[in-house]
Amino acid sequence: MSVQRYFIYLAYDGTHYHGWQIQPNGISIQECLMKALATFLRKDTEVIGAGRTDAGVHASLMVAHFDYEGEPLDVDKVAEKLNRLLPQDISVYKVCRVKPDAHARFDATARTYKYYITTVKFPFNRQYRYRIHNPLDFQKMNEAALTLFHYSDFTSFSKLHTDVKTNICKIMHAEWTQEDEYTWVFTIQADRFLRNMVRAIVGTLLEVGRGKLSVDDFRKIIEQQNRCKAGTSAPGNALFLVNVEYPQEIFE
């Protein structure tokens, strides 16, 4: 019997999880998905995600893959069954078959994140927004964001002491836009992201918006390739992974 590979498209509210990756000291999205698959397929099944979201970070679209040996699966039935087995804060959109060597992480050509900030206290979105108390200069923040396109080494925005072999990333989009009277969104797209990178960039851009750093200071922080020079990471609760893109040829 042949081994087939499948992609799972899912969303989750990361509030009560210790991130995507399995952790020894807390429940993770990956663990929940593997348990649900093991129950449905009646055997332990490894799941590989397109990336590793940190504790408290959400995804409106994450992609993961798993392998199955046997008769081809009914993908609609798999999605339906997983949704019954998974907690209320994890949802599967669809399952699709891909080529045997397709990889959720290594074949992704682009990933997009959004970070939400708000200027008002509102009880119903507090776990998905970062509340800002002082005025921000979004024009300056966007000027600083534009400088990201001129660099590829983002060591200054990377979590220290990780197992990552390279800090090189290609940023394709980075911009603050106003969603409504009280909400601003930072959208960033790159071929790959480092651990904690988006939150570190947002935290440093907020320092520009507050007038504590100039656009030139922001540029110098990137050039220094030193995490200690950048701003404090923004909280994870306002960050969403919103898209992962793949070349069409990996799908069957």
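Please read every residue number as a count from 1 along the shown chain.
Every residue gets a Cβ built from N, Cα and C, even glycine.
The following features are taken from Swiss-Prot:
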- D54: active site, nucleophile (ACT_SITE)
- Y113: substrate binding site (BINDING)
Q: Give the three-state DSSP assignment (helix, strand or coil) for D54 (active site, nucleophile).
A: coil
Q: Would you mind pulling the DSSP three-state label for Y113 (substrate binding site)?
A: strand
